[in-house]
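> The active site feature in Swiss-Prot is assigned to TYR130; the stated evidence is sequence analysis. Positions annotated as domain 'Exonuclease' by Swiss-Prot, on the basis of sequence analysis: 9-172.
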Amino acid sequence: MSKLDNQNLIWIDLEMTGLDPEKERIIEVATIVTDKDLNILAEGPVLTVHQSNDLLNKMSDWCIKTHTENGLIERVKQSKLTERAVELQTIDFLKQWVPKGASPICGNSVAQDKRFLYKYMPDLADYFHYRHLDVSTLKELARRWKPDMLNAFNKKNTHLALDDIRESIEELKFYRTHFINLEK
């Protein structure tokens, strides 16, 4: 049972064929909704976008290796979903939990994801509040102010969108307790 709430947070992660939205495309989108205290309320659909073999063959060696090992390239080839279909399915899920414009975009390095959303999924980009809740900001502050903390939180780095979101939420919980020193 969904619960529409202005305080709920939308976590998103994209996997792309590269880092340049002028040349690269989105290949996977996942979302999770948490309450304000970072408790997971719902996991959205993990959606794979079909892209051409030509585009996939132009990916960097790192992308080809990573997305072959995690199975994403094969799922992209098998998918029948367009970027627009993925965008609409994601928005339909989010509407159950968070009103449009209420939640900042949450995750790690979300400015990069937002660049791709503006280019290829503008309605989804517009669903978010203009603010960002970027876990990588705390990571950068910890790197400068408390570097010994960085090795205390280990990520698996599967480069699968849903796994990455779960890790981002856990990472923010870690920083909340050990860096910001707020107990929940």
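Keep in mind that glycine also has a Cβ here, set from the backbone N, Cα and C atoms.
Could you place these features in context, so I can see how deep they sit and what lies close by?
Contacts of TYR130 (active site) defined by a Cβ separation under 8 A and a same-chain sequence distance of 6+ are given as PRO104, in order along the sequence.
For the domain 'Exonuclease' (9-172), the model's average pLDDT works out to 96.
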